[in-house]
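Database features (TrEMBL):
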{"type": "TRANSMEM", "residues": "12-32", "note": "transmembrane segment"}
{"type": "TRANSMEM", "residues": "44-67", "note": "transmembrane segment"}
{"type": "TRANSMEM", "residues": "88-108", "note": "transmembrane segment"}
{"type": "TRANSMEM", "residues": "150-167", "note": "transmembrane segment"}
{"type": "TRANSMEM", "residues": "179-197", "note": "transmembrane segment"}
{"type": "TRANSMEM", "residues": "217-239", "note": "transmembrane segment"}
{"type": "TRANSMEM", "residues": "260-282", "note": "transmembrane segment"}
{"type": "TRANSMEM", "residues": "302-325", "note": "transmembrane segment"}
{"type": "TRANSMEM", "residues": "346-369", "note": "transmembrane segment"}
{"type": "TRANSMEM", "residues": "389-408", "note": "transmembrane segment"}
{"type": "TRANSMEM", "residues": "429-447", "note": "transmembrane segment"}
Amino acid sequence: MTQDSIKRGGFSSSFGVLAATLGSAVGLGNIWKFPYLTGANGGAGFLLIYVLATLVVGIPVMIAEITMGRAAKANPITALQRLNPGKAPWWLIGVAGMAAAFLILSFYSEVVAWVFAYVIKAIDGSILSSERRVAESAFGALIGDPVQSLLWQWFVLAFIGGILLLGVTKGIEGLTKKLMPVLFVLLLLLCGVSLSLDKAADGLAFLLRPEFSKISAGVVLTAMGLAFFKLSLGMGTMMTYGSYFRDDQNIPQTALRVMAADLCVSMLAGIAIFPAVFTFGFEPSAGPALVFMTIPAVFSQIPGGHLLMIVFFVLAAVAATGAMLSLMEVPVVILHERLGMSRPKATLITIACLMLLGSTCALTNNVLAGVKVFGLNLFDLFDFVSSNILLPAGGILLALFAGWVWGADRFNDAISNKGTLSNAATARVVLFLLRYVSPLLILLVMLKGLNVF
Ligand code: PHE
């Protein structure tokens with residue numbers, strides 16, 4: 001009896017860890033960013049590079065982050081100080097991670113704002129149509145209106161702040177865990193509907209038949225940046241989550257499962273969207289608007305579609321909330337543990353900063369439409385700098401730190417839980433990748449993609 005409960009406790013807890021890590025990984029990166037970037041960058045070729053990037057670069061960095069977090073059991077800055085045997089300021093990676101969190105949250109909260117606004121639009125039913133004109137004008141009216149964009153974003157930030165202040169994060173995570181399977185089922189249903197559309201074959205071909213002519217260095221960098229973004233890597237989120245991992249948790253196995261499940265959700269989103277894009281005459285390269293235009297079109301094809309569309313946007317909001325909470329955890333925990341602020345104060349300061357910084361992203365498509373830096377509007381700039389520069393750079397440094405500075409012995413000891421987990425062969429491969437392959441590859445892709453050579 002006692003033994004049983006210990007075993008069950010162990011299992012459910014290790015499932016809990018998997019679910020929480022997945023909760024951070026699966027979010028708008030899967031439902032919104034992945035489809036639109038795949039569409040804008042030529043489809044299957046991009047997908048292939050993305051998958052390669054997750055395997056060669058994403059998985060090792062994820063394993064390194066979680067392993068270091070578990071070994072140090074602290075926020076990223078303190079963790080890097082604790083694990084560092086020397087004096088070099090590796091803890092600065094934690095500071096850069098915090099900056100990345102602010103940049104990402106600034107535009108992420110605006111996309112979540114669109115999702116929240118679409119819940120209301122879904123309820124009133126006005127967007128339930130497969131007509132391109134209706135879809136374009138609904139989305140255009142929302143992002144073109146500064147008041148709506150700003151108010152929805154501040155509502156989202158206040159909502160997330162409320163969750164954190166009330167200390168119901170655990171409850172929300174519990175809820176996310178329960179609701180994610182429903183989102184999965186809805187996506188499956190959408191795929192079924194989409195695959196029955198007239199031009200389903202064209203959509204699938206676009207997603208699965210690579211055309212290598214569309215691939216440039218910039219596209220490879222975008223795919224790699226997406227891998228970091230989608231798996232929440234390079235900025236300390238996974239390190240922070242690692243600090244909550246149990247010692248007997250097999251990290252490489254968990255990382256592989258997270259990557260596979262995350263890819264699965266993205267593929268389902270892609271299969272739900274691209275057949276509809278071709279059937280209803282949307283543009284695959286429509287950019288950030290893609291999901292908001294095609295999903296209602298697919299729902300308009302089935303009985304009960306109105307209700308299901310409402311459920312879909314609510315669930316997308318839930319998934320996004322889970323990812324946002326994990327993003328916010330990094331600055332909040334740093335302010336709390338490093339500057340000695342209480343958690344509520346750290347939360348309020350984070351939210352206040354985001355209301356200011358984030359408003360530039362809410363106003364990007366209206367009042368600030370003319371403002372361009374390096375040819376990019378502020379929304380795209382924040383996205384570009386975080387995904388294509390800060391996260392990969394964080395990845396390089398974390399890989400180098402884990403592989404060379406922290407060192408093979410300590411790494412092996414931590415990943416195998418002092419030799420009690422039999423994952424030595426995997427650990428050797430991961431360490432090799434972390435030392436010789438991932439940092440070089442990321443650096444090359446970054447420099448080439450940024451046109452440095
Ligand atoms: N992975 C999340 C998503 O796909 C976003 C995220 C990025 C979360 C970085 C945490 C850290 O939506």
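Cβ coordinates are placed from backbone N, Cα and C, and glycine is handled just like the others.
Panel annotation: around the transmembrane segment (346-369), residues 102-103, 105-107, 109-110, 113, 143-146, 149-150, 152-154, 157-158, 160-161, 164-165, 328, 331-333, 335-336, 339, 377-380, 382 of the same chain, lying at least six beyond its termini, place a Cβ under 8 Å from a Cβ of the stretch. With Cβ pairs under 8 Å as the measure, the transmembrane segment (150-167) is packed most heavily against 302-325, out of 44-67, 88-108, 302-325, 389-408. In this chain, the transmembrane segment (389-408) lies in contact with the transmembrane segment (88-108); the count of Cβ pairs under 8 Å, excluding pairs fewer than 6 apart in sequence, is at least 3.
By the Cβ criterion (under 8 Å, sequence separation of 6 or more), the transmembrane segment (389-408) is not in contact with the transmembrane segment (302-325), since fewer than 3 such pairs are found. If you look at the transmembrane segment (44-67) against the transmembrane segment (429-447), you find at least three C-beta pairs under 8 angstroms, all six or more positions apart, and that counts as contact. Within the chain carrying the transmembrane segment (179-197), a Cβ under 8 angstroms from the stretch's Cβ atoms is held by residues 19, 22-23, 26, 203-204, 265, 268-269, 271-276, 279, 295, 298-299, 301-302, 308, 311-312, 315-316, 318-319, all 6 or more beyond its ends. With a threshold of 8 Å between CB atoms, the same-chain residues lying at least 6 positions outside the transmembrane segment (260-282) that come near it are 22, 25-26, 29-31, 34-35, 38-39, 43, 47, 51, 54, 130-132, 135, 184, 187-188, 190-191, 193-195, 197-204, 206-207, 230-231, 290-291, 293-295, 297-298.
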